[in-house]
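Notes to accompany the following structure.
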């Protein structure tokens, strides 16, 4: 029986992981913080030894060192690969002028999306610390993207750089807007700030989607991912699809594609 692959997505806010079997199915998943202060270490005690770890890390050197320590403690000597964007991989062609400048998380997400929705033009919107958009043609060509502050970052910037506006988290804002989003305008400052930043996210997505449909003269599936996707989705007026594992699914494909070359590991 083929050994599984351990997949790790180290984002700007937290670290997600999954174990992928020979069919590239995610059979076990979890999440943990950048530091032990952010939550307990992952419980990998029940997992079999994987063939190797495949890592997307956009969180920096300290997180890379934490991951190395965790992997060495559980599986000493485990091979590991930190992925980078390439010009071409797993059926996706990178349209960046300098392909390696594309974030590894966005690259893995593109690969995951191309496999999840074959033969379709896609606009992929991912809501994390930053909101990112990727335009992906049905033939696998990534033609470019957009990066904007995420919902939480927008609200935090207003709270930090003004004298009278509150600093709100997404949890607080989501609670404030529960049941209130049917109203286009809000009647107090916290809700006005929450809804204004949320509508800024939705407006960006809808404008980008409409521009892409017009440019390509073809249907484009809007795919949402990331922690704030549910909140933004409620503010959208266009059809969309939710997918919560694009990056991990893309990592599974990258690992499987490289497996023959690392069969001796």
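Just so it is clear, glycine is given a Cβ too, placed from its N, Cα and C backbone atoms.
Values in this document were obtained by computation on a predicted structure and should not be read as measured data.
In Swiss-Prot this protein carries:
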BINDING   9, 10, 11, 12, 13, 14, 15, 16, 129  ATP binding site
BINDING   96, 103, 104, 105, 106, 189  substrate binding site
ACT_SITE  105  active site, proton acceptor
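All features noted in Swiss-Prot, drawn onto the structure.
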| residue | record | DSSP (3 states) |
| --- | --- | --- |
| 9 | ATP binding site | strand |
| 15 | ATP binding site | strand |
| 96 | substrate binding site | coil |
| 103 | substrate binding site | coil |
| 189 | substrate binding site | helix |
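The two recorded residues, residue 104 (substrate binding site) and residue 15 (ATP binding site), have Cα atoms 14 Å apart. Binding-site extent for substrate: residues 96, 103, 104, 105, 106, 189, maximum pairwise Cα distance 41 Å (rounded to the nearest whole number).
Around residue 96 (substrate binding site), the same-chain residues six or more apart in sequence whose CB sits under 8 Å from its CB are 85, 102, 142, 144, listed in sequence order. A distance of 13 Å separates the Cα atom of residue 129 (ATP binding site) from that of residue 106 (substrate binding site). Spatially, by CA atoms, the binding-site residues 103, 105, 106, 189 include one closest to residue 15 (ATP binding site), and that is 105.
Taking the Cα atom of each, residue 106 (substrate binding site) and residue 11 (ATP binding site) are about 11 angstrom apart.
Taking the C-alpha positions, the distance from residue 9 (ATP binding site) to residue 105 (substrate binding site) comes to 7 Å. A Cβ within 8 Å of the Cβ centre of 9, 10, 11, 12, 13, 14, 15, 16, 129, the residues given for ATP, is found for these other residues of the same chain: 34, 58, 59, 128.
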